[in-house]
Amino acid sequence: MALLATSIVLPASTDPPGASAQIRAEQWHLDYLKTAQAQSISRGNGVVVAVPDTGVDPHPDLSDNLLAGTDIIAGGNGDGRKDLDSHGTSMAGLIAAHGQGKLGALGIAPEAEVLPIYSSPPDGAGDPDSLAKGIEYAIANGADIISISSVGASSSRLRQAIRAALDADIIVVAGVGNLPRDQTVGYPASEAGVIAVGGVDRTGFHAPISVTGPEIDVVAPAVDIYSTSYDGKYSKGTGTSSATAIVAGAAALIRSKYPYLPAREVAHRLTATAVDKGPPGRDDEYGYGVIDLVAALTADVPPLGFESASAPAGAGQSTTVAGRRPGDGGSGATARGLATLGVIVAAGVAWAVVARRRRRSDDPPPRISR
């Protein structure tokens, strides 16, 4: 499995407060996504996001939200909380860094918890069965979301692990790949049921590094993304890895506010409220568009199979999770979206899981117009 970001680890500063302030100012994606407004609605409390990657360092901006995880491969310290590469720590920071007040790096869901899983070596050359073992660990240890910022070969065990996660009502988010190394949407982003994430640049348009293809669901910032790194440092990365972690954070905000929503409905909220880019409707560069954190938390989004006159344009119609994609035609091509598991997941989620999620929040269900 290959990691999906090129990162530069920034040198440690002799003036940590100054460095922390600079990093927050450099996190352009926070303002772009109206993160402060979204975090006034939800901060990810009660949600566990598994990060199978190069491990996660207990950075001061992240340590309060970092659980003890596990090592799948040799070379760590046993609980996933060691990172000699920076990639895993950067992804975790984008998801759930809490910062230090107004200083330091801030994640999309700063009250979510990160379950670190050391499954990829520092050189990024992991293997599919190691990732599969990491996913199996996440399923067994209470993960609500699994954020996968890597692509590579599939295996029978990895396919089974992805399917098991989806069957357990876990949201799986994965990056589509980076040009020029990757030419098509990679695995597991190409797997039915997985939220496939591409990237945009600072202007909000397609990032040249981001792979394109019919599997893409949504896009998020992927260029010059600042986050946490190992040894208390910070990093700047470019790649769909960063976009993937940001979308995982967005999913954590939604699942925290609406804890009873099944995974496919969380994905539906992301696609139905995304800001359309490029040609009208879904396209191979942007999917359904750039994620909109505030709209995903507040919009009147009807459940799959229903339409709402007050929902945003396109919401509830032909989204990734609702059926055949526009342009698929009648040639027998099928949608790769979450509709594949829709009925199975809705019928198979255990009442105990639903009850556990309901206890996390007293918020009523979102209003649904039919």
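Each Cβ is built from the backbone N, Cα and C atoms, and glycine gets one as well.
Taken verbatim from TrEMBL:
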DOMAIN    44-289  domain 'Peptidase S8/S53'
ACT_SITE  Asp53  active site, charge relay system
ACT_SITE  His87  active site, charge relay system
ACT_SITE  Ser241  active site, charge relay system
REGION    309-333  region 'Disordered'
TRANSMEM  335-354  transmembrane segment
Please report the distance from the Cα of Ser241 (active site, charge relay system) to the Cα of His87 (active site, charge relay system), rounded to the nearest angstrom.
9
Mean pLDDT across the domain 'Peptidase S8/S53' (44-289), rounded to an integer, is what?
96
For the C-alpha pair, I'd like the distance in angstrom between His87 (active site, charge relay system) and Asp53 (active site, charge relay system), rounded off.
7
Using a 10 Å radius around its CB, how many other CB atoms surround Asp53 (active site, charge relay system)?
32
